[in-house]
Amino acid sequence: MDLLNTLVDKGLRRELPTRDEALAVLATSDDDLLDVVAAAGKVRRHWFGRRVKLNYLVNLKSGLCPEDCSYCSQRLGSTAGILKYSWLKPGQASDAAAAGVAGGAKRVCLVASGRGPTDRDVDRVSETIKAIKDNNEGVEVCACLGLLSEGQAERLREAGADAYNHNLNTSEATYGEITTTHTYEDRVDTVQKAHAAGLSACSGLIAGMGESDEDLVDVVFSLRELDPDSVPVNFLIPFEGTPLGKEWNLTPQRCLRILAMTRFVCPDVEVRIAGGREVHLRTMQPLALHLANSIFLGDYLTSEGQAGKADLEMIADAGFEVEGTDQVTLPEHRAAGGCHDGGGVCGSEGGGACGSEPAPQAAAQDGPQTGEPRTDLVAVRRRGAGTDLAPNA
Ligand code: SF4
C-alpha cells in the first residue's frame, strides 16, 4: 500500500506525516490490519529494536479527588468502589516500587490523585523518591502529581525525579466535554514546566471516550509538537460509577490502528501501552508490542492488570526482550537532548517537506466499529499499594 510505504519512509526519517495520512491509518480496513502493524513495526524496530521497557505504577494517594475528569474512577462523585487512601509513607511506596523493580520494571511511576501538589506534597514525594532511589540502583522515577505550580518541577528534579507525566488526554476542541475543573491549556502548561525544568516529559492520551478520528489525530499531533519523550496510550476503562461508564467504543483492531498511528506520528518516542490493555486489546496484546516499545507491568492505579508473570511470558513469546537498566531507552539523538530545541524535523509540525504530500486513498470501514461491553474484564484493584496484600509484579 502506498500509504504505508510513505509512512515507513517518513517514520525512519522522523518526518511528520500529514493529517490525512494519519487519518487514513485509522480508516484502514481489517483486511489491511496486519500490513499496518508490519509497517509501523518497521518504524518501531528501527528506533527501539525488540526491546520492551517495563514501567511500574505506585498509586501514592487514591481517590477523593476534587476534579471532575469524566473518565476517572477517582473523580469527584465517582461511585466506582475503588480503594481510597491518603499519602503512602515513603517506606510503603518504596516497598511497592521494589516489587515492580524485582519484576523487571526499570521505571517507577509515582502517581497521586488531586488537582496538583502543595509544596508540602512535593516534600513528601521528594522523600519518597529518595527512598526508592536509595533502595533500587539505577531505577528511573517519574512523578505524576497533577498540575504543577511555579518552581515545583525544579524541586522534583532536584529531589532526583527523572521524568514527569501529565497527559493531554484528548483534543483541545473536546477537552471541555471531558473535564470542566481545569483546561487543556493548564495541562499543556504543566508539560512545558516539566520540560523546562529538565525533566523528561511524558504525556499521552486516552482513546475510547467517544472522540472522533479527527480528535485522535489532533491530540497526537499536539503531542508531537509538545515533544515529550514518552507517550502513554490509554484505552478507556469504562468504570461503572463514572460518567463514561457506558462508553464501550473500542475493538482490539481499533486499538492497534490507534497505536500504529501514534507510532507513525511520534516515530522515535517511547510509545507506551497504558491502562486498558487487557480490557480492549485482549488476546491481541502481543501484536501491539510491534507498535509500542513500552508497557506497564502488573496492575494499574485503580484496576488490576494481568499477572506480571503473564506480561513477561507474553513479551518472550512474541519474540521481544525486556529492556535492562543498562540499556538506554531512547534513540541517541533524543537521549542526548538533541530533540528538545524546537528545531529540525523532530517535534515540529508542518513546514518544508514535512506533511506536504497528499494522502493516498485508504480502504474505508463499512461503518463505525463499536466494542462489546466487557465489564467482566474490569477488576477494581484490591492488592498492592494501600492494602495489606502483595502487589502484582
Ligand atoms: S484524572 Fe487526576 S485530576 Fe482528574 S479526577 Fe482523576 S485523579 Fe483527579
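From the backbone N, Cα and C atoms, a Cβ is placed for every residue, glycine too.
A TrEMBL annotation is a machine prediction, not a hand-curated record.
Per TrEMBL, the features are:
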BINDING   Cys65, Cys69, Cys72  [4Fe-4S] cluster binding site
BINDING   Cys109, Cys142, Cys202, Arg272  [2Fe-2S] cluster binding site
DOMAIN    47-277  domain 'Radical SAM core'
REGION    352-375  region 'Disordered'
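Where TrEMBL records a feature, it is marked here on the structure.
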{"residue": "Cys65", "record": "[4Fe-4S] cluster binding site", "DSSP (3 states)": "coil"}
{"residue": "Cys72", "record": "[4Fe-4S] cluster binding site", "DSSP (3 states)": "coil"}
{"residue": "Cys109", "record": "[2Fe-2S] cluster binding site", "DSSP (3 states)": "strand"}
{"residue": "Cys142", "record": "[2Fe-2S] cluster binding site", "DSSP (3 states)": "strand"}
{"residue": "Cys202", "record": "[2Fe-2S] cluster binding site", "DSSP (3 states)": "strand"}
{"residue": "Arg272", "record": "[2Fe-2S] cluster binding site", "DSSP (3 states)": "strand"}
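The binding-site residues near ligand 1, defined by a Cβ under 6 Å from one of its atoms, are Cys72, chosen from Cys72, Cys109, Cys202.
The CA atom of Cys65 ([4Fe-4S] cluster binding site) is located 20 Å away from the CA atom of Cys142 ([2Fe-2S] cluster binding site). The 10 Å shell around the Cβ of Arg272 ([2Fe-2S] cluster binding site) contains 27 further Cβ atoms across the protein chains shown. Within 10 Å of the C-beta of Cys65 ([4Fe-4S] cluster binding site) we count 22 further C-beta atoms, all protein chains included. Here the domain 'Radical SAM core' (47-277) returns a mean pLDDT of 97 for the predicted model. Note: Cys69 ([4Fe-4S] cluster binding site) has non-local neighbours Arg75, Asn169, Ile178, Thr179, Thr181, i.e. same-chain residues 6+ apart with C-beta under 8 A of its own C-beta. If you measure from the Cα atom of Cys202 ([2Fe-2S] cluster binding site) to that of Cys72 ([4Fe-4S] cluster binding site), you get 19 Å. Other Cβ atoms within 10 Å of the Cβ of Cys142 ([2Fe-2S] cluster binding site) number 24 in total over all chains.
In sequence order, Asn55, Tyr56, Leu57, Val58, Cys142, Ala143, Cys144, Asn165, Phe296 constitute the residues six or more apart from Cys109 ([2Fe-2S] cluster binding site) in its chain with CB-CB distances below 8 Å.
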